[in-house]
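A short worksheet on the structure shown next.
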Amino acid sequence: MNKILFYLFVYGVVNSAAYDLLKAPNYFEEFVHRFNKDYGSEVEKLRRFKIFQHNLNEIINKNQNDSAKYEINKFSDLSKDETIAKYTGLSLPIQTQNFCKVIVLDQPPGKGPLEFDWRRLNKVTSVKNQGMCGACWAFATLASLESQFAIKHNQLINLSEQQMIDCDFVDAGCNGGLLHTAFEAIIKMGGVQLESDYPYEADNNNCRMNSNKFLVQVKDCYRYITVYEEKLKDLLRLVGPIPMAIDAADIVNYKQGIIKYCFNSGLNHAVLLVGYGVENNIPYWTFKNTWGTDWGEDGFFRVQQNINACGMRNELASTAVIY
């Protein structure tokens, strides 16, 4: 088999939803080639295979029971704990108080459209990849500000997550942070630069921000305690995409479709709510993630509405108003 045919074969098998657990060794070798894995020793490779096999079994079970589809992907040789530790970054707060105004979403929702998506209005920037840096909090907050800027100025921009990692001393850089405290930090810093002026490094570094290059400034911030999940529809249409906290453990191997089974064993990841809709009579929310476009639905994922999917109904959703 020539090299081109080999990789076409690998791509087709690894991306198939009809997995067979008995073929786990074959899938694993294909996975190793596709993602250029080098484990350093046979002992470590065997350890990774056992984790891979466990994840494959879970993928098969989910594909049999959920309306969404799951696949072998770049995280499939990592345990859930490893993935959460390396690729998320939401820090659970000791206390949630800061100077962002608290709003309780405890009123029934108003009447609105059955479907709405800020992407269709070209107000959502491209999906980014946080890599092995626990800065989801920075990506989600800045993604919302990028959308705020697009709504206000009809221009898509990319803001600097690295500035947040290096210069936000309220949060902890690649070691984690929170959404409302990130907005607080931006207010204290005075603004945020463009990513092109302060490129992403996926690591903690010294603060090098230049206030003369601030493009976006925050004047107010809000934190929401979600009682009625449906009320998020009104809020989304009113204020723009919303950074939210979730438990990402059940979305790691997600490929496509509407997730019905996503539980909350502890909030650990920040994502951006960008829309909602209905498919096959199932109402869903659409989120933008920060794991690259090679994950999920081109970097986005959908969950069923009104089941507190992934623990999304909590008190950590936050937004900000820009000048």
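Each residue, glycine too, has its Cβ placed from N, Cα and C.
Features as listed in Swiss-Prot:
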type     : residues      : note
ACT_SITE : Cys136        : active site
ACT_SITE : His269        : active site
ACT_SITE : Asn289        : active site
DISULFID : Cys133-Cys174 : disulfide bond
DISULFID : Cys167-Cys207 : disulfide bond
DISULFID : Cys262-Cys310 : disulfide bond
CARBOHYD : Asn158        : N-linked glycosylation site
SIGNAL   : 1-16          : signal peptide
Winner by Cβ contact number (other Cβ atoms within 10 Å) across the recorded positions Cys136, Cys167, Cys174, Cys207, Cys262: Cys136
Listed in sequence order, residues with CB under 8 A of Asn158 (N-linked glycosylation site) and six or more positions away: Thr125, Ser126, Lys128, Glu146, Leu194, Glu195, Ser196
Cα separation, Cys136 (active site) to His269 (active site) (Å, whole number): 6
Cα-Cα distance linking Cys136 (active site) and Cys174 (disulfide bond), given in Å to the nearest integer: 9
For His269 (active site): DSSP state (helix, strand, coil): strand
Cys136 (active site) versus recorded positions Cys167, Cys207, Cys262, Asn289, Cys310 - nearest by Cα: Asn289
Minimum Cα separation from Cys207 (disulfide bond), reported as the residue among recorded positions Cys133, Cys262, Asn289 that achieves it: Cys133
Protein Cβ atoms within 10 Å of Asn289 (active site), excluding its own: 28
Rounded inter-Cα distance in Å - Cys262 (disulfide bond), Cys133 (disulfide bond): 23
